[in-house]
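J.: Among the features that TrEMBL reports, repeat 'WD' is placed at A:8-49, A:50-84, A:94-135, A:136-170, A:206-247, A:250-291. What TrEMBL records for A:173-192 is region 'Disordered'. According to TrEMBL, the feature compositional bias 'Low complexity' maps to A:176-192. Summarising the annotation, TrEMBL assigns domain 'COPA/B second beta-propeller' to A:344-589. According to TrEMBL, the feature domain 'COPA/B TPR' maps to A:630-772. Sequence annotations record features per position, and here TrEMBL assigns domain 'Coatomer alpha subunit C-terminal' to A:861-1213.
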Amino acid sequence: MSVMLTKFESKSNRVKGLAFHPTQPLLAAALHNGSVQLWNYRMGVLVDRFEEHEGPVRGVAIHPSRALLVTGGDDYKIKVWDIRPQNRRCLFTLNGHLDYVRTVQFHHEMPWIISASDDQTIRIWNSTSRQCIAVLTGHSHYVMSVQFHPKEDLIVSASMDQTVRVWDISGLRKTSPNSGGPGSSNPNGPGNFEAFDTFSTVKHVLEGHDRGVNFAMFHPTLPLIISAGDDRVIKIWRMSEMKAWEVDSCRGHFNNVSSALFHPKHELIVSCGEDKTVRVWDLAKRTAIQTFRREQDRFWVLAAHPNLNLFAAGHDSGLIVFKLERERPAFSVFQDTLYYVRDKYVRAYDFNTGADIGLLSVRKFGSPYVPPRTLSFNPAERAVILTINSDNGIYELTNLPQQAQGEVKDSSVDGKKGSGQSAIFVARNRFAVLNKTSQLIEVRDLSNSVVKTIKPPVQTNEIFYGGTACLILSSPTAVVLYDIQQQKTIAEINSPPVKYVVWSHDSALVALMSKHTITIANKNFSQHSLVHETIRIKSGAWDDAGVFIYSTLNHVKYCLAQGDHGVICTLDNPVYLTRVKGKTVYCLDRSARPRTITFDPTEYRFKLALLKNNYEEMLYIIKTSTLLGQSIIAYLQQKGFPEIALHFVQDTNTRFELAIECGNLDVAMETAKSINRPECWERLAQQALKQGNHKVVEKAYQQTKNFDKLSFLYLATGSKDKLSKMQKIADARGDPMSRFHNALYAGDVQGRISVLRDVGLHPLAYLTAKTNGLEDLAAEILEAAGLTEADVDDVPLFGPSTLKPPPVITPTTDLLWPSLSAGENFFDRALVNGQLEGGIEPAYVNGDAAAAGHSALDAWAQEEKQEDIDPEEGGWELDADGGEFQPAVDAEEAVAEEEEELGAGATPGPSETELWVRNSPLAGDHVAAGSFETAMELLNRQFGIVNFAALKPLFLSTYRSSHTYLSPYASLPPLKLHIRRNPGETAPSRVLPVAVRSLESIRTELAEGYRFVSMNKLAEAQSTFRSVLQALLLAVVSSDDQAKEWRDTVTAARECLLGVSIELERRRVIEEEPENITRNLELAAYFTQCQLQPPHMQIALRSAISVFAKANNQAHAARFAKRLLELKPDPKIVAQARQRIAAGDRNPRNAVEISYDEFSPFEICAATYTPIYKGTPSVHCPYTDATYLPQFKGNLDPLVQLAEIGASASGLPASW
Amino acid sequence: MDSSELYHIKQQFTLGAFRALVRQPLPDKSSPDYVSTLLYKARSYIALNQAKSALELIPEDAEDIALKAVSALARFVDSTKSSDAETSLEELRDLSVEIEGDDVDCTEKEKALVRVLAGTAFARAGEIEEALETLGSDSEDLEAVALIVQIYLSINRPDLAKKQFDRSKRWAEDDLLLQLIESTIGLVTGKDNYANTNSFYTEQLGNPSLSSPHLLTARGITRILRGEIQEAKSDLEESLVQQKGESEAEAAYVVAVGLGASKKPESEDLWAKFVSEHGSHPLVQDITQKSEMFDQYAANYVVPPQITLSA
């Protein structure tokens, strides 16, 4: 235990009692000043205070399942509190103790509270009836502590009388089936102590401490008791049904031991005392493991969290919450597998199948109490490097077994160790080790020898993989990308100490995690963004789409490359994310067990789509998700995408706002209609005016009855008829001012005059009429005013007014100001097309896509996979002479004799092609090796081939495809490299050239030939079959099955070639000798005798039927038709065949006599296309086995034109 | 320790990024890197078979012994007549002798470079023994080691190459060139299914500070050797996109297509195109030679008469 990790610390009055909340991060602390504090230790905040006790509070406990707190103090009182924030209050007080209450505790299932007091009694209370149900007497001094057994009906108490007592309280449970207890039926109340004693008996009295005992507790599972006393000793006791005895003592504290606890999960004891120390002991060995010392403060109380690896200790000036070990499991992810360490075993967890297997024990690596800190995985070598903090930091490099074995391998068997605080793989066969004290980074190879030493440019605390040939160095103030080769800094980013580094799947982005910040950088650190968190950051993983998902103490969050981040879900307990795939987060919990969390990635997917302008995806999300709240809208608005936000919003007010903001007048109009409030219309009008859409403005003004503006708008647009309408409206409204306006705007003099007349402004009306030359009207007005011309002769004369509205040049009434389209608005288009309804899910890359192939890890691993492929290795091994030509390549053996050869005198060794020739009896391999001479010999010997000219292109292309050239070094002639069939093989006696033409590829070509036949391209088919037969000569065959397949292919190709040749000959006969019907019929009949593919056989038979029917050879035609029926052709063809048979039955005669006896088996001579009946002599082609008449012996076979007919041949060599 | 620019240039040279290298401008003449950069640039031209450009780059009156050696090599590579070639070789021989003298005024580095350049020329001329002698078996210059190793490999002595490599591992601190040497040896021996070579090229392809189509070609060839024809094709296609008509990539592509499952005519067309464009590539020369051999051997067999049917 090299560290005790303090997670939280508070300053306060002396802490005498402590209790953890079982599920929430809460800790209750009872203080000497009478206060009880409730802390959230994760957030570090004081949640609540309970201050009703008078004097010190010593005992405190939280109910295991309900929101209840019990406290006991020096005021003799026990108080029960409701701790729910909305409801917090003291529920009730239990009175009865006659002295200080030392400890209190809830029973795990009964509604009981137990308390220990200086009045020498232990009392059990029913919290339902709020009465004392038992008083346990027997101790002869203060009872310092009392605890229920976690499962059985036992309690253990510790007292100043130097004893620990175990009590049996099963009687109590029996007599209180309704949890009422005897007290409830006792009318006398809790005064009568003696009455309770029958329900509880002292089972064991444990004597051994020399001073008073401060604390005692049961082991959670074993029959053990631990006690801590003023004699500075911790004692361990074992008990059976009958008795209890002392097992051992832990000595080391040099003052009173206040408390000692069993670790809830590990075989450890944690104790604290007035000697200002907290100590950790090994339960099995009873030896001290670790001591944590404080300068000033005496420790008074310890508490262990019931489920988590957390402890709290109270001292003179506050409390601390601490962990005994790091819980972050060491892990590494490769493809679909998580490699991690649990309980000092390296395990592999398959994300897809959930299979979780132990691969390697690391129990002997470092201190047994410390888990490994980091794990680096090398897929190519299937090796891991672990580091551990014990022993000043060591690392170990071990290979993982290929499969889980019955007995898990221990790393100490072949592990390579060394000292260093940080060790990681940097390449397939290199790893880097950081030594913090000497500040040196060593690059080592897999045999653990140093190949390079680097002095980092900054104070380095930790190193991480930095991409090819690079390291990431974490210093206290910055993080440095460092080139190993060049030994120089590539880039540096200021950052708090980086603790973890996670690369994205495509190695394009890296997340650098510190305690409270995440820096997302690209691979050469040239761009980066920073995310701040107030809560401690624990871990993170990349989504395949480049979103970083990370966990803090209490949240899972996401972070986009440009720095946007948000919450995905909340966590009860911290987890360590290992991988994100689709909607699933894979993680390890604090006990290093794999877990998954499903979440809704909509929000970040949407934001990411927005960033990448991936509108299809956005549209899809908009369509399918229901979970987009105000935050998304605010986000979109803030990021300048109101038009997109528009599509999310149902609320009309927001829609209106957004529509105005993005200038979408249609939507604005629509929403304004449904809102129908003047301010909306006004804003709409304003926006529309800006955009020059006067129709919308008009509508808006109409809606708000803004007549003045409306009129002016009509003036501006030159809409005279509208203006006159406005006059009428104004008239109807009885608004003469408005009428006047409109008349003025419309240039309607008469209208103006009539307004003036109507309102009685006769002088103005008169003058208006007069100046506009409307004399009649003027006179009329005068008359109406009861005046004559004479009355107004003092009025000066004005010339006719030239003032009038300008004429309308372009009527814009129906024209809108053209607005520039704001780019292609995908959403509008989509909405118009109705696509929104039927959006197709776009291929979101996360999780579904295969991981990007460029990461170095993948490449390493691929090599690994390839190594397994070993096709028929050793197939050609000639054991007898296997070793003869070894020395040249096998350096190991030849070291001694070659020592002097280094240098100028080196003689050339055997080339790879020579090895190939030696290793194979197949002509194809010899051709690939360029040894044409031997290849020809082989072909001649094996297949009687004599005419090689046709094979030349094949030879050359085969040879060509077996070698390649590369110049690794400048200006030198390129190296000739030889392509092997079995890349895994390096032994010189086994290397073989690549199979240029595999049997499969030749069969593909054969199939092509079949197709030509079906398509009636017989000439092409003929040459294809020939080429197949040529290629087969150089095919590589390496097993009996393959040899059989080879032979079958040869036969099939030969038959097809023969058939096609016959048919071609028949067509030639029709063409050139049309009168030779006999030959025509014979050839048609022979064609059906070739062993063809079933579809080709149908063709052959159908052609024969028609030819024979035409020649009136009905009997033969019927026979062919019968054969055709056996092949089960199409119904249509069946009908035709039946007709043929019927015709044959009616007229079973043959008009033309031909040489064709289908009832006695025969072969067809491939030269003359005549039958060779069984029993008559024949010769064969040594390669294809085609049959020839004996007179052709010694000639070149006409079919393939390669072999000498009748030559002797050994056939395919079978040496596998 | 080289300056960062020079380091980068060296890295480019080592990894075959010659085209990128020659495109870079030379530093100022007063820069301490000037001569070294000039040397690398000239050597890159030579590697690209543009010896004339290299010669233009080097001042006629160069006093520097390394520069003299480079220009001699350039002339050798450029020479079409055997007499010219022999003159250049002689010049290089003289330079190699000169640096052995006590009174020469040049650094160890320059001496090593002269040996490397001379060795290159000798190796090209087929004077293997002379090349090895010039380079010396105990050289502590990695370039020399690279040369020696490649020469050993070309004469089918991977065992000696390996030994030379193991020797240099002791003093060459995991240098990039050392890794290249290791990878080249792997290319020939095929150890562990070419794992080392493949990972070397894959790692270098991921190297952010440099990109070279040569690396893609090299990985493509490695993949051909590993039997990953499809992957090899994609590497080579990518490489050819980046540098059209590069003979090495083209040659490898022809091979990859020949091995792939593609139609025969396609492979033959490619081959014909390759022959017409890169007639001097060793693959073409080799095939031409083999073709002659074929005719010669085939003539050993008497072709029996065709059947003549008296129809």
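Backbone N, Cα and C atoms are what each Cβ position is placed from, and that goes for glycine too.
Note that TrEMBL annotation is computational and uncurated.
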J.: Just to confirm my parser: what is the rounded mean pLDDT across the repeat 'WD' (A:8-49)?
T.: 90
J.: Quick check on the repeat 'WD' (A:250-291): DSSP residue counts for helix, strand, coil, in that order please.
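T.: Going through the repeat 'WD' (A:250-291) residue by residue, I get 0 helix, 24 strand, 18 coil.
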J.: Which bits of the chain, at least 6 residues beyond where the repeat 'WD' (A:250-291) starts or stops, bring a Cβ under 8 A of a Cβ in it?
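T.: The answer is 1-2, 4, 211, 214-215, 217, 219-220, 224, 226-230, 232-236, 297-307, 309, 311, 313, 315, 322, 324, 369.
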J.: Give residue numbers and ranges for long-range contacts of the repeat 'WD' (A:50-84): same chain, 6 or more residues beyond its ends, CB-CB under 8 A.
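T.: Sequence-remote neighbours of the repeat 'WD' (A:50-84) are 16-22, 26, 28-36, 38, 90-95, 97-106, 108, 113, 115-117, 125, 127, 306.
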J.: Please count the residues of the domain 'COPA/B TPR' (A:630-772) that DSSP assigns to helix (H, G, I), strand (E, B) and coil.
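T.: Across the domain 'COPA/B TPR' (A:630-772), DSSP assigns the residues as follows: 119 helix, 0 strand, 24 coil.
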J.: Where DSSP helix means H, G or I and strand means E or B, what are the helix, strand and coil counts for the repeat 'WD' (A:206-247)?
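T.: Secondary-structure breakdown of the repeat 'WD' (A:206-247): 0 helix, 25 strand, 17 coil.
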J.: Tally of helix, strand and coil residues over the repeat 'WD' (A:94-135) according to DSSP?
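T.: Taking each residue of the repeat 'WD' (A:94-135) in turn, the totals are 0 helix, 23 strand, 19 coil.
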J.: Helix, strand, coil residue numbers for the repeat 'WD' (A:50-84) per DSSP?
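T.: Breakdown, helix to coil: 0 helix, 18 strand, 17 coil.
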